[in-house]
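**Student:** Got a structure for you, questions after.
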Amino acid sequence: MAGKQNQAAPKKAVAPRQQHYEFGGPIGAFGITFGLPILVHVFNLFCNDISGCPAPSLLHPKSLDLAQLKREIGWPDNGVFGLFSWSATLWTLGYYALSLVQYRFLPGHHVEGTELSTGGRLKYKLNAFNSAMCTLAILAAGTIAQGAEFPVWTFISDNFAQIISANILFAFALAIFVYVRSFDVKPGNKDMRQLAAGGVTGSLIYDFYIGRELNPRITLPLIGQVDIKEFMEMRPGLLGWIILNCAFIAKQYRLYGYVTDSILFITAIQAFYVFDGIYMEPAVLTTMDITTDGFGFMLSFGDVVWVPFMYSTQTRYLSVHPQQLGAFGLIAVGAVLAAGYSIFRLSNSQKNNFRTNPEDPSVKHLTYLQTKTGSRLITSGWWGIARHINYLGDWLQSWPYSLPTGIAGYQILSAGSNAPGAITMLDGREVVQGEARGWGIVFTYFYILYFAILLIHRDLRDDEKCSKKYGDDWEKYKKLVKWRIVPGIY
């Protein structure tokens, strides 16, 4: 169980109120808070397994008929209320309950986080990897016994929109809970609770979105104390992403009677990303998410809605429009992945070696700028190419998530259409690209665009932070290393 560490008494009261805004300030926070949940549903409805991706009517906006569009996207007869169901909500809550039970009873190890600005360190119980393996073992056993008809897989496919809604409601409820509870934070409290510097602007919607409390914790009956932010970041959403991918593999098999290499490839590399992250769970305790950002709707929604449901778009697409990459395709996409991974790992390794052992032969030759703060800013090697060359590697690794979908887009025709080049489902329906070819890229390649924006925003935050920390030295450094992420472009 997460615990408390009382090595040092809290020194300060709460974070001082400040008016520095990100994400477009209160207006941007309002738009994101209420716009992104709609966008997640739009992606599911407009790229569907009923009529196509995108829905055919969207290709002819001038003659768009709303009634026809509703039929094409499977809009519920009872309207928006049909996007909710008690069964999906209860099973979703059951999934969270299972995560909590695993957190409580599965073995793990206890570590301390970084020192808080108010003094002291929080303790964390880390067993996300064990929890994930336990859940996947249960799902594997069910799949071995019942194959693609395993009820978990069919329930996800049949209730996908309702599961999205259940998680959206949970994200809002959790964000409201921690926001209201954050006003109980008192100076010098024994639990070492504190407010996040960026979440006390005085704007209700902005602070609700960014998060007021830095490390909100809750004590639950039979479970004990849980660090909400660390728990949500490393458990239900990340594992849920892989569970959804597996559900779409099962769906492809039910629709066609086979599974393609493209959907397996995407699932494999995304699973590697997730398992690498949860296996290295202690590393998250030093990230900005844990040490600096408050826990609000941004992280609540991102953890349990945005990551699992938007990041699984490609496998959801391929479950309906199967693509075989073949040996050449797998090698080509794998090469992009290898290039990105190499840049990311080699650059980070070089920086880490330089910081921990600057006399190491592999980094001893590197030039650097000595700052007044005592830090050394590397100006050659990987870090002489761009100030965040590791971000370039990270971004390149996002491309293999989308490339296997090809020039995306498809239409679903009724059985017996006998369309040229059609892929026929087991129930006789036919899938063709037709005039939808290329338009599906809006959905399947969205992740690449989103991730680029995320990295650029992260770079801007880092630039501002370093400018305050290093002053004139940072300006000198930027003249020596001109490019931010992509040399010659940005």
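Keep in mind that glycine also has a Cβ here, set from the backbone N, Cα and C atoms.
According to Swiss-Prot, the protein carries these features:
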type: TRANSMEM; residues: 23-43; note: transmembrane segment
type: TRANSMEM; residues: 80-100; note: transmembrane segment
type: TRANSMEM; residues: 136-156; note: transmembrane segment
type: TRANSMEM; residues: 160-180; note: transmembrane segment
type: TRANSMEM; residues: 230-250; note: transmembrane segment
type: TRANSMEM; residues: 255-275; note: transmembrane segment
type: TRANSMEM; residues: 324-344; note: transmembrane segment
type: BINDING; residues: Lys351, Arg355, Ile378, Trp383, Asn390, Tyr391, Asp462, Cys466, Ser467, Lys468, Lys469, Tyr470, Tyr477; note: NADP(+) binding site
type: TRANSMEM; residues: 436-456; note: transmembrane segment
**Student:** Which state, by DSSP, holds Asn390 (NADP(+) binding site): helix, strand or coil?
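**Tutor:** Helix, per DSSP.
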**Student:** At 10 angstroms around each C-beta, which of the binding-site residues Asn390, Ser467 has the fewest other C-beta atoms nearby?
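**Tutor:** Ranked by other Cβ atoms within 10 Å, the binding-site residues Asn390, Ser467 bottom out at Ser467.
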**Student:** Where else in the chain does the transmembrane segment (255-275) make close Cβ contacts, counting only residues six or more beyond its ends and a cut-off under 8 Å?
**Tutor:** 129, 132, 238-239, 241-242, 245-246, 248-249, 311, 314-315, 318-320, 322-326, 329-330, 333, 337, 397, 400-401, 404-405, 423, 425-427
**Student:** Would you confirm whether the transmembrane segment (80-100) and the transmembrane segment (324-344) meet the contact rule of 3 or more C-beta pairs below 8 angstroms, pairs 6 or more apart in sequence?
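**Tutor:** Counting Cβ pairs under 8 Å, fewer than 3, so no.
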**Student:** Can you tell me which parts of the same chain pack against the transmembrane segment (324-344), counting only residues 6+ beyond its ends and a CB-CB cutoff under 8 A?
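**Tutor:** Same-chain contacts beyond the ends: 260-262, 265, 269, 382, 389-390, 392-400, 403-404.
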**Student:** Give the number of CB atoms, excluding that of Asp462 (NADP(+) binding site) itself, located within 10 Å of its CB.
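**Tutor:** Other Cβ atoms found within 10 Å: 15.
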**Student:** Would you identify which of the binding-site residues Lys351, Lys469 has the most other C-beta atoms lying within 10 angstroms of its C-beta?
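**Tutor:** It comes out as Lys351.
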**Student:** Would you mind pulling the DSSP three-state label for Ile378 (NADP(+) binding site)?
**Tutor:** strand
**Student:** Using only the residues recorded as binding NADP(+) (Lys351, Arg355, Ile378, Trp383, Asn390, Tyr391, Asp462, Cys466, Ser467, Lys468, Lys469, Tyr470, Tyr477), report the maximum Cα-Cα distance in Å, whole number please.
**Tutor:** 22
**Student:** Does DSSP put Tyr477 (NADP(+) binding site) in a helix, in a strand, or in coil?
**Tutor:** helix
